[in-house]
Amino acid sequence: MTRVLLKLSGEALMGASPFGIDLPTTREYAREIAECARDGASIAIVVGGGNIFRGMAGAAKGMDRASADYMGMLATVMNSLAVAQALRDAGVAARPMSAIPMESICETYTRYRADEYLKSGEIVVLGGGTGSPFFTTDSTAALRAAELGCSAILKATQVDGVYDSDPKTNPAATRFETLTYGEVLARDLRVMDSAAIALARDSGIPIIVFDIHRDGALADVLAGRGRFTRVAG
Ligand SMILES: Nc1ncnc2c1ncn2[C@@H]1O[C@H](COP(=O)(O)OP(=O)(O)OP(=O)(O)O)[C@@H](O)[C@H]1O
Ligand SMILES: O=c1ccn([C@@H]2O[C@H](COP(=O)(O)O)[C@@H](O)[C@H]2O)c(=O)[nH]1
């Protein structure tokens, strides 16, 4: 069975709203993820928090960086509860787990338990990032992919791959089909942070960057079809 780590951008959960969680959008992603799970994929999800809070933004406004980052991590726990609930509503077993203990809300992440749940066919939805400030959920995705033995990191985001500059600010940006980890780092292509790229490289885990907004995108990526950028060695 293919085991993959799906990194779901927090911003993707906003739908057309300016911030927060748009339930119809979240349910639509959940339906697609559930279908892939029913088709046999074993899926661990790391959820971002950019739709609710970004630590750097808080720090820029005068908060101390670590406190702002903890607020960001709490935002990812809220998102993971919403995603796990939407997955259950879509008919699959899904379990939110948090890197930061908050036992009346959800189970604390341990590698052993997450691995057991995945083996039994559940989807684990990992909130709280790494549990440490000064990191991101992209780094969390690379870390969890390595410790859970995932064959790929699927970065579900707002754009359909890695470009030579940010396509949201440069309409003339051109997309890559494939890149090496070294090229992403050397060219400072900021679709993921450099710590995440370095960790994926050191663990030999390919990263697939794709647009989550397209219908059927996840099933296509799992089948090696569709439009995406593959970052590997
Ligand atoms: N070279 C590049 N190629 C592609 N996208 C890029 C590049 N540089 C910057 N980006 C931007 O990176 C963004 C991907 O980040 P994403 O929204 O997935 O953020 P995240 O921090 O991983 O998640 P969250 O939304 O939870 O904070 C894209 O929306 C895109 O605009
Ligand atoms: O390990 C981690 C993960 C996240 N954070 C903080 O949370 C926000 C939201 O995560 P995104 O990856 O930007 O979606 C992030 O900006 C950090 O402030 C963290 O501190 N440690």
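From the backbone N, Cα and C atoms, a Cβ is placed for every residue, glycine too.
Going by what TrEMBL states, the UMP site holds G49, T130, G131, S132, P133, F134, F135, T136, T137, and the candidate of D64, D69, D160, D164 recorded there is D69. Summary: among the binding-site residues (S9, T130, S132, T136, T157), the fewest other C-beta atoms within 10 A of the C-beta are counted at S132. Closeness to ligand 2 is met by G50, T136, these being the binding-site residues among G50, T136, T157 whose Cβ falls under 6 Å from the molecule. Long-range neighbours of G50 (ATP binding site) (same chain, six or more residues apart, CB within less than 8 Å of its CB): S9, G10, E11. Around F134 (UMP binding site), the same-chain residues six or more apart in sequence whose CB sits under 8 Å from its CB are R65, A66, D69, listed in sequence order.
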